[in-house]
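Novice: Here's a structure for you.
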Amino acid sequence: MSGKGGWAWWWARLPLCLLLSLYAPWVPSSLGKPKGHPHMNSIRIDGDITLGGLFPVHGRGSEGKACGELKKEKGIHRLEAMLFALDRINNDPDLLPNITLGARILDTCSRDTHALEQSLTFVQALIEKDGTEVRCGSGGPPIITKPERVVGVIGASGSSVSIMVANILRLFKIPQISYASTAPDLSDNSRYDFFSRVVPSDTYQAQAMVDIVRALKWNYVSTLASEGSYGESGVEAFIQKSRENGGVCIAQSVKIPREPKTGEFDKIIKRLLETSNARGIIIFANEDDIRRVLEAARRANQTGHFFWMGSDSWGSKSAPVLRLEEVAEGAVTILPKRMSVRGFDRYFSSRTLDNNRRNIWFAEFWEDNFHCKLSRHALKKGSHIKKCTNRERIGQDSAYEQEGKVQFVIDAVYAMGHALHAMHRDLCPGRVGLCPRMDPVDGTQLLKYIRNVNFSGIAGNPVTFNENGDAPGRYDIYQYQLRNGSAEYKVIGSWTDHLHLRIERMQWPGSGQQLPRSICSLPCQPGERKKTVKGMACCWHCEPCTGYQYQVDRYTCKTCPYDMRPTENRTSCQPIPIVKLEWDSPWAVLPLFLAVVGIAATLFVVVTFVRYNDTPIVKASGRELSYVLLAGIFLCYATTFLMIAEPDLGTCSLRRIFLGLGMSISYAALLTKTNRIYRIFEQGKRSVSAPRFISPASQLAITFILISLQLLGICVWFVVDPSHSVVDFQDQRTLDPRFARGVLKCDISDLSLICLLGYSMLLMVTCTVYAIKTRGVPETFNEAKPIGFTMYTTCIVWLAFIPIFFGTSQSADKLYIQTTTLTVSVSLSASVSLGMLYMPKVYIILFHPEQNVPKRKRSLKAVVTAATMSNKFTQKGNFRPNGEAKSELCENLETPALATKQTYVTYTNHAI
């Protein structure tokens, strides 16, 4: 090798050459070893083309030891699978005919640094040894046996080991096909360009595990990874996929140290328990770490708390769960889709110490598998271990189950064989055996053929590689189940680009088929919105929608429209029920009772007055105004029915008209009466001439003028604000929307009601003032005193009405209280007028007709004299209340018959 290219090649490999020069004294020579014999710590099988093999025959050593205990399944089964595949290829006349494949198989001891040391054996043949200055004793040059050239390597198992070895092999352009390494880092074709694998990348596995987590409705899980490329890269891929897919949050991401200290696994379990809601644990760890995690969980008495989800490093292996079945129950594991190779089962079951001497570790396996010792000297005194007889048989005298990666080891060897076959077909057409173009085999060319292979594997599955050397993602999904005291891995689904999971076949500890929960927060109930925790989308607080809010979506509450309220579960809005004062309501009983009794009494009085219309007592009461007053009283009672009737345009219009009109008619008539009395007595003090407008016609005119003012105001109100009914949702808008009601009522505000009743109140107050002023008039001459008592009582009623009516404006029962208060007040006012002004007269008419006779007439002078003397008597002790003196003067006056031209104007008694 010369020129610039040669120097560049040597400079690139200078550090490795220095390493090899240091390592060379310990690298055993293969000179003189017979074919098929063990080669110290490696297996060597001669052939035309040699393939390297890397297998974890032993576990990682402790306390400074490179290697630990023997791994029967993961080490011996896989190693024998390569030997089985080589035998099949060498015996296949259609694959590499007349070309024998040899092997150099090394033990990695499950440690990347040890694997690096071992893999240097593969590149020895590529390092030219300079023997120019080395001379034999005879003075001649030394005879150097060149080691076999390894054209490709099968392995390694662990991803961290494969990464370490791949960095060496790529320098010497030696293709590598792994049967178990799944770390996503190895898909980087710029760094590991000579690396390929027949198992899918953990990127696919991570996606499959995310899909399983989502199918189980978990959204809050923790991850657990062995330190190294496999564990850390797998967890990183899982976290990345969970972010891309959304809906899965990582509670904790815990790393298992490469060299764990005592109590390390107990600390890991304690840390996982800090987020106790994250019961799902995603594990990317080697089987030793898996086992120690399960042991720590059992020591912490957490059997059944955690639900494990293991990667392909757990798969369907029995070693991690041996004697830990209860802790591992329910574990979901994933494994690249595979099938048991029956031919390998027959092959492996037939292996004995006699026919398998090429495997230098088989004797150690034999002792471990059958719990015996080959050498009698190895037997300890008092030990229960027996001596091996060599008559033991695998599968008969010991348990046997094919290891999960056996199929992939065979596929990896066949992939190398098919690539070499295609290469031989192209480079050596028609040649038997190797040709110069394949001696030596060019690694770069071989890599191209490896990437282009496409054949059916030993289990019938297609074996192909993508541009990064990865196999397509195809997985079987298992669950570790306990049934009737026996444990087994049961296939519950598969994943090929998308998930096929049979949840009904899953069994969980303590809950049967019910899916366990691994969630940060319980789902919010209907009517509750999520308030997510910052930085943790899967964790939230549930806040109920309050008041009149309803749940718009998972994160938003919105207030219902004004005329609506939320449904019971607050997921939507519904119309607020509309209520009104019903006829059968308790609030309507008293008003209706008073109204009915009042109307009956009023009609009774009217009928009585009509029947006895010409009797003296009816005439003396002033028939015209009496009937007007009775009409007003009747309207006051009738208003109750309008107030309780269902509000509509007609009802609301009638309410506006008659609510104040009945009172206006009543008080206008009473005011006219009291004003007439007052004017007569005031006029009599100054003159004997009669005041103006005291005739019945004038009195009616005055009364109707007063009433017309009320009607005029109502007409103006109708023009300014037409009458209509409304639904008031504010009156009964309670804090609890369940009790909210819309009140159907007439559109009459409190201010409008004050204006409506204000005029009637003005008439009432004015009438009361006149009643007070005429309180000194003798009772036998007028109705001033009954009117006064009527007005005093009415004022008391309305003074009680005002605080009750306006003091309940904020009550939820405002409609009922105010309507009842108003109608009762109006009815009581009418009842007071009816009772005090008419009932005594009706009583006399019906029960004392002897008193219903004409009385003598009195002149105005007599009336005035009586009034004057009455005022004088108020200064003495012999007086009646309100200054009414008992005078016989007016009682004994005899007035002659009325003449047409009489000097004094006379008035009928009681008509004044």
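Cβ atoms are placed via backbone N, Cα and C, with glycine included.
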Novice: Which of these, D87, D312, D497, does Swiss-Prot list as part of the L-glutamate site with S159, A180, S181, T182, Y230, K405?
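Specialist: Within the candidate list, Swiss-Prot flags D312.
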Novice: According to Swiss-Prot, which residue among C524, C557, C560 is joined to C545 by a disulfide bond?
Specialist: C557
Novice: Looking at Swiss-Prot, which of C249, C795, C890 bridges to C538 via a disulfide?
Specialist: C249
Novice: Is C652 annotated in Swiss-Prot on the same side of the membrane as P849?
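Specialist: Checking Swiss-Prot: the two residues are separated by the membrane.
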Novice: Name the residue among N454, N613 that Swiss-Prot annotates as N-linked glycosylation site.
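Specialist: Per Swiss-Prot, N-linked glycosylation site applies to N454.
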Novice: Could you identify, going by Swiss-Prot, the member of C542, C560, C573 that forms a disulphide bond with C524?
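Specialist: Looking through C542, C560, C573, the record in Swiss-Prot gives C542 as the partner of C524.
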Novice: Pick from C388, C428: the cysteine that Swiss-Prot pairs with C372 in a disulfide bond.
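Specialist: Disulfide partner per Swiss-Prot record: C388.
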Novice: Taking every residue in the topological domain 'Extracellular' (646-656), what is their average pLDDT?
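Specialist: Averaged over the topological domain 'Extracellular' (646-656), per-residue pLDDT gives 88.
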Novice: Have a look at the recorded positions (S181, N454) and report the one with the fewest Cβ neighbours inside 10 Å.
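Specialist: Taking S181, N454 as the recorded positions, the minimal 10 Å Cβ count falls on N454.
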Novice: State the non-local partners of the transmembrane segment (625-645) in its own chain: residues 6+ outside its ends, Cβ under 8 Å from one of its Cβ atoms.
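Specialist: Sequence-remote neighbours of the transmembrane segment (625-645) are 581, 583, 588, 591-592, 594-595, 598-599, 602-603, 605-606, 609, 618, 651, 654-655, 658-659, 661-670, 672-673, 696, 699-700, 703, 819, 822-823, 826-827, 829-830, 833-834, 837-838.
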Novice: Can you tell which of the recorded positions (N98, S159) has the fewest other C-beta atoms within 10 angstroms of its C-beta?
Specialist: N98
Novice: For N98 (N-linked glycosylation site), what is the secondary structure by DSSP, using just helix, strand and coil?
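Specialist: Note: N98 (N-linked glycosylation site) is coil by DSSP, not helix or strand.
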Novice: How many neighbouring Cβ atoms, not counting its own, are there within 10 Å of the Cβ of C539 (disulfide bond)?
Specialist: 19
Novice: For the topological domain 'Extracellular' (721-750), could you work out the same-chain residues 6 or more beyond its ends whose Cβ comes under 8 Å from its Cβ atoms?
Specialist: 547-548, 560, 562-563, 565-566, 568, 576-580, 646-649, 651-653, 655-656, 756, 806, 809, 812-815
Novice: Taking the Cα atoms as reference points, how far is A180 (L-glutamate binding site) from C388 (disulfide bond) in Å?
Specialist: 33
Novice: How long is the line from the C-alpha of C542 (disulfide bond) to the C-alpha of D312 (L-glutamate binding site), rounded to the nearest angstrom?
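Specialist: Checking the Cα atoms of C542 (disulfide bond) and D312 (L-glutamate binding site) gives a distance of 38 Å.
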